[in-house]
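Engineer: Structure incoming, see below.
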């Protein structure tokens, strides 16, 4: 009669090697490509609700392809351990009118962020323009709840700013800064 060991040397080594490779691949994808995030809080209501599961991608951020109207996740300027979810309403050199920057322009290397629910949002109107270095992810696709499944933006991460301007240059203004119904 032959006895097979359950935890033989080769099986254990293969298991740990496979687990190690899986971890490395998963970590690389989460760090450089994208991840799933659960949103909480009322600041982006009605676009994103508390508890929505959203696919967040890093390719746009890593390539500097952030556009007006994108919903991004950025580190809070006041609480760096907290990730905020806000919409880009102005980029560098765009004019903004807020209590901190009355009739001014967004500085170079910064974006002006605002929540879709201004009454419940602490955003650039309170802490000023956000350095692009604090922007971590771009929220692109709502996955849960299934009844609200869909893209959160009008364009794709590989489009340039000129592509976005060309596609939205119609007579009727497209709503890039406000929630779509």
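Cβ coordinates come from backbone N, Cα and C, glycine included.
Predicted automatically and left uncurated, TrEMBL annotations should be read as such.
These figures come from a predicted structure and were not determined experimentally.
Under the heading active site, TrEMBL lists 43, 86. The domain 'Peptidase S26' annotation in TrEMBL covers 20-97, 103-144. What TrEMBL records for 12-30 is transmembrane segment.
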Engineer: With H, G and I counted as helix, E and B as strand and the rest as coil, say where DSSP puts residue 86 (active site).
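Structural biologist: Where residue 86 (active site) sits, the three-state DSSP reduction gives strand.
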Engineer: Relative to the Cβ of residue 43 (active site), which residues of the same chain, six or more apart in sequence, are found under 8 Å away?
Structural biologist: 84, 85, 86, 115, 116, 117, 120, 121, 122, 123
Engineer: Using DSSP, break the domain 'Peptidase S26' (103-144) down into helix, strand and coil residues and give each count.
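Structural biologist: Taking each residue of the domain 'Peptidase S26' (103-144) in turn, the totals are 10 helix, 19 strand, 13 coil.
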Engineer: Within 10 Å of the Cβ of residue 86 (active site), how many other Cβ atoms can you find? Include all protein chains, please.
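Structural biologist: Residue 86 (active site) is surrounded by 25 other Cβ atoms within 10 Å.
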Engineer: Restricting attention to the domain 'Peptidase S26' (20-97), give the mean pLDDT.
Structural biologist: 89
Engineer: Going by DSSP, give the three-state secondary structure for residue 43 (active site).
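Structural biologist: In the DSSP reduction, residue 43 (active site) maps to coil.
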